[in-house]
Amino acid sequence: MISLPLLLFVLLFSALLLCPSSSDDDGDAAGDELALLSFKSSLLYQGGQSLASWNTSGHGQHCTWVGVVCGRRRRRHPHRVVKLLLRSSNLSGIISPSLGNLSFLRELDLGDNYLSGEIPPELSRLSRLQLLELSDNSIQGSIPAAIGACTKLTSLDLSHNQLRGMIPREIGASLKHLSNLYLYKNGLSGEIPSALGNLTSLQEFDLSFNRLSGAIPSSLGQLSSLLTMNLGQNNLSGMIPNSIWNLSSLRAFSVRENKLGGMIPTNAFKTLHLLEVIDMGTNRFHGKIPASVANASHLTVIQIYGNLFSGIITSGFGRLRNLTELYLWRNLFQTREQDDWGFISDLTNCSKLQTLNLGENNLGGVLPNSFSNLSTSLSFLALELNKITGSIPKDIGNLIGLQHLYLCNNNFRGSLPSSLGRLKNLGILLAYENNLSGSIPLAIGNLTELNILLLGTNKFSGWIPYTLSNLTNLLSLGLSTNNLSGPIPSELFNIQTLSIMINVSKNNLEGSIPQEIGHLKNLVEFHAESNRLSGKIPNTLGDCQLLRYLYLQNNLLSGSIPSALGQLKGLETLDLSSNNLSGQIPTSLADITMLHSLNLSFNSFVGEVPTIGAFAAASGISIQGNAKLCGGIPDLHLPRCCPLLENRKHFPVLPISVSLAAALAILSSLYLLITWHKRTKKGAPSRTSMKGHPLVSYSQLVKATDGFAPTNLLGSGSFGSVYKGKLNIQDHVAVKVLKLENPKALKSFTAECEALRNMRHRNLVKIVTICSSIDNRGNDFKAIVYDFMPNGSLEDWIHPETNDQADQRHLNLHRRVTILLDVACALDYLHRHGPEPVVHCDIKSSNVLLDSDMVAHVGDFGLARILVDGTSLIQQSTSSMGFIGTIGYAAPEYGVGLIASTHGDIYSYGILVLEIVTGKRPTDSTFRPDLGLRQYVELGLHGRVTDVVDTKLILDSENWLNSTNNSPCRRITECIVWLLRLGLSCSQELPSSRTPTGDIIDELNAIKQNLSGLFPVCEGGSLEF
């Protein structure tokens, strides 16, 4: 027998042989720590505080770092990293190959960051990896085939990146345990590998929003555990394989927006008992919907719109008691006989139905009364673009849950049912282009949630009902092309929300345009053409500061064009033709830079036609039928304007000369008397100067600017003109002279003085002095004198007017980031660190000025607001100045009248960031109507980023590409992507979601640090701007 001591010795020795030494484990753990630190060093931006804890070292200290999870202490390898979870940590840079050394890693989640570069093939060494989550980044390149080596993967999410190339077949051949595969929103191409049919454990499968082509492999029918399959938004063709219809476990199936065709098999839904959602929209399917659809009793959403389905709509839908949404629009369904509408009676059994879209088919005949018996949960009912006749069911008001009702483009006749007034939740009512008649029911005024009401192109008669003034949420009103008469109700213009459109054109309306129209400060379109309107064009139209389209032609309007229309800086189209207007064309119209279509023809205008602005190109204006006009550009072929006394030989010269001399003498005496009276009344110039800014006299400014000579004019706006001048021998200054004839200019002057009274910051334009006096004609005179900025505005550098300027003015990426940092520091001071919080309200490239050292200074505080507790406006003198900011830069909440806040400045700053990176103005003429600068950049980030970046910055990167080392090029590209994402983050629609100034400064400093050394000092020691 073996003695007990000997037995214990053998057991202890065996244990020592089997267990690794602690020093070995410590060495492996140290390797994990090094791999993590290498990953951190590869990042351009480390997420602010996200990786702040990653700076301690020692035995197992890395296990305490944020996002790092190590094995349990009781296990054999307690300090080995098993999870790295850094989702939504604001990380930017590349994924370091060193992560492939974390050999015990089971979960890697880097989703929702700003990572770029390619997926390192070294990740294939992670043999224990079960979850790989890299979604919502900017990762490029292809999916490495080596990923197939991670054979224990159960979830692979690479969605929402910029991946290209084909899907590796190795995913299907090797990853047998995969249950979730998400590759959507990339740029993947080629065919779907048939090997993916081997993933028999797959439950979630999403390849949508790619460029995949070819047929759907029949092998996908082998995915017996599949719950969700999404192949939508690709270029797939052919038919849906029959094997797919046998996936009895399937709960959601989408192939929308492809090029698929063929018919749905008769027994397609026979085994799909668990199917809840099917989306086959926008393809080329044809034939009938099989009655077997009733077998899929769990169906809640059916989307088969945008195909070529035809015949009678099956009654099988009515047996789907869980159905909530049914989209059949844009097909070839028809109702030849009244019985063909029987499916509506069947659908009354679907008590959960919320959406029914039958628009754009060949449905005809009269609507059955059973429509009024559909579910009261129905919120969306669309019947537009069919051939439906007869009356609208009188009890349609029973559908009390309706929020959207589309009846337009049919042949409905009769009157609008008064029961519509019971639809208290209705937000959109479209009934235009029918044959409806009678009066518009007063009950429409009960629809207080209504946003859009379009009843145009019918046969309505009578007056516009005054009850429309109850629609306090209305955004758009269309009543055109009817037989309406009477005046336009003034109450209509008390609906402050009306902003998209008012169209009352082509009726028989009479009377004048109410002065109250000026209340609609956010209105974009006003159509009142082809009526019998008379009287003058109201001056108050100038208060509609967002107006872009104004149509008043073919009326009986008289008087002159109010100069206040020149305040509509966003106006694009103005048509006043065929009226009885007279007088001179106001020069203020020439100041509307956006105006590209101006029709003043067939009126009685006289005098000289301007030659600048909208009048500088004959293609955009029409003035025929005005016999007494003269001047203008040569292309208009108008007679030359004659001097007043050119034909003096026809008049008795001596009597007129004596009379004129006497009159001038009298006027001169009166003028001197009035001037003396004003001076004695007002005394010396006002001493209400800003604290610390002594006043300067009018005569000093006249001398400083050479009498405000045109050669010293730097620019002009609606509130004032800016001149270059010298107050003493050495100091150049910029003198802003207020146009006090504009009533808002004085408010601008007051706002600017109040905002900058106690402000001191290196990135704010400094006020040298002010002038509040009278000029040499005895009129009030106000001016603000600033430090002169010799390098002009940022706008001049980003958008040079000539090629010569473009060659001379080039800002490289480092300089652009520095300027953005300067502006961010200015905003941070205004919002958080000044004597009192100030909102600038007009951040844009033309208000960012550059000094001789290219340091940026924020200027023009004419719209600024001072806040109490950061939110409440106390600068009431500017509250009546109308729309806040500049179109394109102004925050969306300002468009609906919300109060100014620091969030609005952040939005404008975000747009400025996008402008400075793309070189595009926010209102660039190349943008489609539905595409703004934000959407333009978002498309670029989901495609080729270089397509949206300023070409000059691309050239900077290409200079590095020509070198032997392309690492700087990659760093530049990553910083550009980072900047674009920052701009999008700052300009989010929800104000509270926008990035605060402190975080902006942190990110810009990090970007600037990563760019350091890439843009060296040029010869002579001057920076390459």
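Cβ coordinates come from backbone N, Cα and C, glycine included.
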For which of ASN599, ASN791 does Swiss-Prot record the feature N-linked glycosylation site?
ASN599
With Swiss-Prot open, pick whichever of ASN435, ASN1010 is annotated N-linked glycosylation site.
ASN435
With Swiss-Prot open, pick whichever of ASN470, ASN965 is annotated N-linked glycosylation site.
ASN470
Annotation N-linked glycosylation site per Swiss-Prot: which of the candidates ASN446, ASN962 has it?
ASN446
Consider the glycosylation sites ASN198, ASN373, ASN470, ASN580, ASN599 and say which one has the Cα lying nearest the Cα of ASN349 (N-linked glycosylation site).
ASN373
Rounded to a whole angstrom, what is the C-alpha distance between ASN322 (N-linked glycosylation site) and ASN435 (N-linked glycosylation site)?
37
Distance check, please: Cα of ASN483 (N-linked glycosylation site) against Cα of ASN373 (N-linked glycosylation site), rounded to an integer number of angstrom.
33
Cα proximity to ASN470 (N-linked glycosylation site), best match among glycosylation sites ASN198, ASN246, ASN295, ASN373, ASN580:
ASN373
Give the residue counts of the repeat 'LRR 18' (497-520) per reduced DSSP state, in the order helix, strand, coil.
5 helix, 7 strand, 12 coil
Measuring Cα to Cα, how far is ASN101 (N-linked glycosylation site) from ASN435 (N-linked glycosylation site) in Å?
74
Residues of the parent chain within Cβ reach of the repeat 'LRR 18' (497-520), under 8 Å, 6 or more residues beyond its termini:
452, 456, 464, 472-490, 526-544, 546, 551-552, 557, 895-896
Starting from the Cβ of ASN101 (N-linked glycosylation site), draw a 10 Å sphere and report how many other Cβ atoms land inside it.
20
Using a Cβ cut-off of under 8 Å, list the residues of the same chain at least 6 residues beyond the repeat 'LRR 1' (78-101) that approach it.
25-26, 28-29, 31-32, 34-36, 38-39, 41-48, 50-51, 59-60, 62-63, 66-72, 107-126, 128, 133-134, 139, 970, 974, 978, 1003, 1006
Which three-state DSSP class does ASN470 (N-linked glycosylation site) fall into?
helix
Please list, in sequence order, the residues in the chain of ASN246 (N-linked glycosylation site) that are at least six apart in sequence and whose C-beta is under 8 Å away from its C-beta.
GLY221, THR271
